[in-house]
Amino acid sequence: MKIKTVEFARSAFNEEQYPKDNLPQIVIVGRSNVGKSTLINTVLNRKNLAKTSSRPGKTRGINFYLINNKFYLVDLPGYGYAKVSKEMKKQWAHNIETFLNTSQNLRHGLFLIDIRRNPTEDDFLMINWFKHKNLPFTVVLTKADKVNKSESRKAVEDICKIFKINREEVIIFSALEKMGVSQVLSIFEKYA
């Protein structure tokens, strides 16, 4: 798929701010600092479209990116970040839950996990939500350049066992090496 146009449509903090058109939405979910913004910038070939930071918690609203005027890529705030107030965590959880439960246009989930880390309880909750809703999702193992090939293969095997998914539902991704970009674009193409 060729990315022709990318527009930062809006950052929403409540349901009234979501786009009102009926374009399909692909949502990106994962823990804080897992590489969601980096994946967006790499796959869309835009250097600073999504703001990145080495400090977790950079994305606070629900960010909507309009791709080729055909679909939205939706970047949710990361979960699991310990260094914010309980009130802020509660607000983020509420915003994520509200979006996931009210969006009528959600078509696919890109579920990001750092290839070096084990899934958390929050990761299991999120995967189970997608399964419960019968929504297609793909697990994207990020930061693959940080491990060798055998560690990468083992991580994929482990994720498939843990989440009870097929190998085709997992993408190994590295922004540094541009690994996995074409597979993510193939998912986009289904909704363009």
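Cβ from N, Cα, C; glycine included.
What Swiss-Prot lists as domain 'EngB-type G' is 22-192, and the listing cites sequence analysis. The GTP binding site annotation in Swiss-Prot covers 30-37, 57-61, 75-78, 142-145, 173-175, and the record cites sequence analysis as its basis. The annotation Mg(2+) binding site is assigned in Swiss-Prot to S37, T59.
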Exercise. Can you tell which of the binding-site residues (G30, G61, P77) has the fewest other C-beta atoms within 10 angstroms of its C-beta?
Worked result: G61
Problem set entry | Conformational class of K36 (GTP binding site) under the three-state DSSP mapping | helix
Problem set entry | Other CB atoms within 10 A, centred on F173 (GTP binding site) | 26
Exercise. In whole Å, how far is P77 (GTP binding site) from S37 (Mg(2+) binding site) when you measure between their Cα atoms?
Worked result: 10
For this session: Let me know the most crowded of the binding-site residues, choosing from K36, K143 and counting other Cβ atoms within 10 Å.
Result: K36
For this session: Indicate whether K143 (GTP binding site) is helix, strand or coil by DSSP.
Result: coil
